[in-house]
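What follows is a set of notes on a single structure, which appears directly below.
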Amino acid sequence: MATQTWLWTSLTVALTFILTVVNGNSEGDALFTLRKSLSDPDNVLQSWDPTLVNPCTWFHITCNQDNRVTRLDLGNSNLFGHLVPELGKLEHLQYLELYKNNIQGIIPGELGSLKSLISLDLYNNNISGTIPTSLGRLKSLVFLRLNDNRLTGPIPRELSNVSSLKVVDVSNNDLCGTIPTSGPFEHIPLNNFENNPQLEGPELLGLASYDTNCS
């Protein structure tokens, strides 16, 4: 009986280790895909070695006790390039901080898979395209700061269903349509929407109908 217990314990430990390695490698692969999409003149990503068991020893990465990535802190790092869909594989990620860089391209819809995400800070970049409707699936999201980019299109109404949202800032873009006023948007100050020449509203005040001159 003691031998069986020892074998079971050993198998459990071994399986846990294997899962940790597999998960770590998967997350490391996703992050290294991001690394390959970025130009890094200041070498802030120099420690990102894909041959390591997991990315938890990389600079600017924080992991939990299970060696799963919970934070990506690369704000104000003089990075150039674009975001990658593989970021959506970081299922335990809580903080995605890439503000004040020169990130271009679109926001991948796959970010809507980050079910643990609390903060999405992409402000002060050069991001274009629309705000993905998939961000409405981020039920833990508290901070959404996308200001000072080149975003177009409407503010997704799906975000009105994210009751955890406390801060939304989409100012200084080229958004259109009207400003939502339901759900969390009821308490977002209007200056967090300013300097979007085609954005009208708030919609419930009867100043404009939703999606006016907006596609």
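Here, residue 1 is simply the first one shown, and the rest follow in order.
Even glycines carry a Cβ here, placed using N, Cα and C.
Quick look at what TrEMBL lists:
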SIGNAL    1-24  signal peptide
DOMAIN    25-64  domain 'Leucine-rich repeat-containing N-terminal plant-type'
DOMAIN    72-171  domain 'Disease resistance R13L4/SHOC-2-like LRR'
* Model confidence over the domain 'Disease resistance R13L4/SHOC-2-like LRR' (72-171), averaged pLDDT -> 98
* Structure fact -> Secondary structure split (DSSP) over the domain 'Leucine-rich repeat-containing N-terminal plant-type' (25-64) reads 15 helix, 5 strand, 20 coil
